[in-house]
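Student: Pasting the feature list from Swiss-Prot:
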BINDING   51, 52, 53, 54, 55, 56, 57, 58  ATP binding site
């Protein structure tokens, strides 16, 4: 990699050039003047920052905290987020193909060069558990990310996982699965992993790994082989149960083993396969004993004799259950019996925490949203995690309370709690937040940032002073980009600046991200580079496609669509958004047709979000435009 490219990629320019003082915020003078008045007073009310993404809401909150609290601003400022680190391994299924990747790979697939913390996902599945604790695939609806400065490395007996202290891991208690913060676990705690036999439908083509040399990886098609073939392959690779391999291959093989019914452990030298004396048959003893006690207290003594190192085997529990007359059980005892039966038949087992380290970190951390249960497996060996996006009711009731109870540092009169994208809070979470705001009004001030203030409940709006952040004008974005380019020694054409303004749509954060990504190529930035980097088509190309569809040349419109998808690597939702953007500026489309076109675009965007085939839906959208063109032209 060239020296210039290394320098460009070293620090995200969004952070490097983020304003540190209120006076440096771009083109929000009406906001800045009001905030400076609070600094002069040394006090402030609760605030609601409302406006489009990338207009300075987060920056304004950070600048306000710096000027109010000085060197102690970090101690007195809480920004809520929680996720796993970028290099955390995860097994996914994308378009029917099973892949062992990292969250950094998911970032490149779905965020690309776009800014933001959320992206909708329609073609991705991850491993989770069903209500019987059996491992299964489940659809992902969103990929979530944010930046973190500290992470927690959890050393397990089978491998490691890195996550923020606020990320939730799943544990087992007598009521079933329960989410707890990673910061609450300690040496000797038990997390949940799995060993299961998952059969896949093989895709065509591909090769199978037959060796584990330094440059190899387990091929994607290997995960799709029949279970018995995978097991035989693992036996052939293993020497006395150990496969010496690189770190990546070791993790590949560990996951391959786990979905093939073989227990695996990642070690410094490779991966160890466990054929006998499996911890994969063990459950945490404490919740199991409590459940057994509900059946019959005498059975507890029988089961305790099987407990070792805080765990008990599923077989021992099964033997105890065989002596229970289930027909005569009622109420709580019957529920306990059902839970125990579910556990002994489940794929999950207890994995012990051996050590924990807090580490410095500078980068994105991630989460996925899994509709239905919000649980997913990730790690060197799979660990059951819970989506910990911090705008949920649990954080409102716990983390905010804990932070609010501590004394402000540096003689400050209050602390600031910043909730970004607060319009994504559930109504229950907002009601909880309202009560917290009332309870800690003396010690804390809240800043809520939202794209849409209308999504914030009235009781919260009435407790806040509202600041409206306006969409940044093109001139302000261009001026900022020119200064950054000059500071970094990057040459950029005027056409390229226009292109960045177009793709960023008033979002300064995205504009700077696109500039940095384009600069990494190490040459003068022109408009071709910008559109390619941003995975965005030129507006005239989209208008040409719409023109042909509207005027009856469906085949040509279809050809142009496929060119856009191939040349720019655009997603279906990207295409739909650009079509929506361009139809308003096309003189040939009569004004009375616009509402019908907008309605059609909305229909097809919804279908894509729901997971429909992209090409089919995009071609169907062109067909709808074609039909409307015929209707309005009298054809």
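Any Cβ shown, glycine's included, is placed from N, Cα and C.
Note that the coordinates shown come from a computational prediction; the quantities given were computed from them, not determined experimentally.
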Student: Please compare the binding-site residues 55, 58 by how many other CB atoms fall within 10 Å of each one's CB, and tell me which has the fewest.
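Tutor: Ranked by other Cβ atoms within 10 Å, the binding-site residues 55, 58 bottom out at 58.
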Student: Residues other than 51, 52, 53, 54, 55, 56, 57, 58 within 8 Å, Cβ to Cβ centroid, of the ATP site?
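Tutor: For the ATP site the neighbour list reads 49, 449, 451, 469, 507, 508, 509.
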Student: With every protein chain in view, what's the tally of Cβ atoms within 10 Å of the Cβ of residue 54 (ATP binding site), excluding that atom itself?
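Tutor: Residue 54 (ATP binding site) is surrounded by 25 other Cβ atoms within 10 Å.
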Student: For the binding-site residues 52, 56, which one has its C-beta crowded by the most other C-beta atoms within 10 angstroms?
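Tutor: Per the Cβ count within 10 Å, the most buried is 56.
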Student: Check each residue in the chain of residue 51 (ATP binding site) that is at least six apart in sequence and keep those whose C-beta is under 8 Å from its C-beta; list them in sequence order.
Tutor: 57, 451, 468, 469, 470, 471
Student: Check each residue in the chain of residue 53 (ATP binding site) that is at least six apart in sequence and keep those whose C-beta is under 8 Å from its C-beta; list them in sequence order.
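Tutor: Result: 115, 116, 451, 507, 509, 510.
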